[in-house]
Amino acid sequence: MAIERTFSIIKPDAVAKNHIGAIYNRFETAGLKIIASKMLHLSKEQAEGFYAEHSERPFFGALVEFMTSGPICVQVLEGENAVLANREIMGATNPAEAARGTIRSDFADSIDENAVHGSDAVASAEREIAYFFSTEELCPRTR
């Protein structure tokens with residue numbers, strides 16, 4: 001199995017409901033190590049840059065507005081097949097379709113405010129990690 005890194009965001013809705021600790025617990029219980037983490041409030045420019053691939057989609061404006069509506073937590077997770085592992089922990093994008101016991105099933109209210117974001121592939125994880133973290137901010141855990 002491959003040790004990978006993936007990128008994760010705890011979105012404004014989950015931060016506002018004080019679910020940060022519970023979500024971090026899900027990551028760690030699943031064997032993922034948090035090797036970088038910070039809380040920030042995205043500017044409009046940061047949100048537009050991060051979600052640039054969706055700029056022509058009809059939901060782009062609402063997405064940017066939501067992602068700038070309050071603080072978020074961004075983190076880098078490391079572990080065996082981290083991208084897939086995190087996607088399984090998150091559950092389906094639409095919480096109504098998410099399996100019981102997943103983050104979105106337990107903490108999200110709607111497809112628009114669905115608690116978390118996670119990279120969909122190793123390549124996107126690398127790009128997303130670099131958007132928010134310098135190499136010096138990553139703290140590989142050997143113990």
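Placement of Cβ uses the backbone N, Cα and C atoms for every residue, glycine included.
Taken from Swiss-Prot, the feature active site, pros-phosphohistidine intermediate covers His117, and the record attributes it to sequence analysis. Taken from Swiss-Prot, the feature ATP binding site applies to Lys11, Phe59, Arg87, Thr93, Arg104, Asn114, supported by sequence analysis.
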Between the two most separated Cα atoms in Lys11, Phe59, Arg87, Thr93, Arg104, Asn114, the residues recorded as binding ATP, what distance in Å do you get?
22
Just to verify a number: CA distance, Arg104 (ATP binding site) to His117 (active site, pros-phosphohistidine intermediate), in angstrom, no decimals.
10
Three-state secondary structure of His117 (active site, pros-phosphohistidine intermediate) from DSSP?
strand
Spatial neighbours of Lys11 (ATP binding site) that are distant in sequence (at least 6 apart) but have CB under 8 A:
Phe66, Met67, Ile72, Glu113, Asn114, Ala115, Val116, His117
Pick the one among the binding-site residues Thr93, Asn114 whose Cβ has the fewest other Cβ atoms within 10 Å in this structure.
Thr93
For Arg87 (ATP binding site), write down the residues of its own chain that are at least 6 apart in sequence and whose Cβ falls under 8 Å from its Cβ; none is a fine answer.
Gly118, Asp120
According to DSSP, does Arg87 (ATP binding site) fall in a helix, a strand, or coil?
helix
Close in space, distant in sequence - Phe59 (ATP binding site), Cβ under 8 Å, 6 or more apart:
Asp112
CB contacts for Arg104 (ATP binding site) [other CB atoms within 10 A, all chains]:
24
Specify the secondary structure state of Arg104 (ATP binding site) as given by DSSP, simplified to three classes.
helix
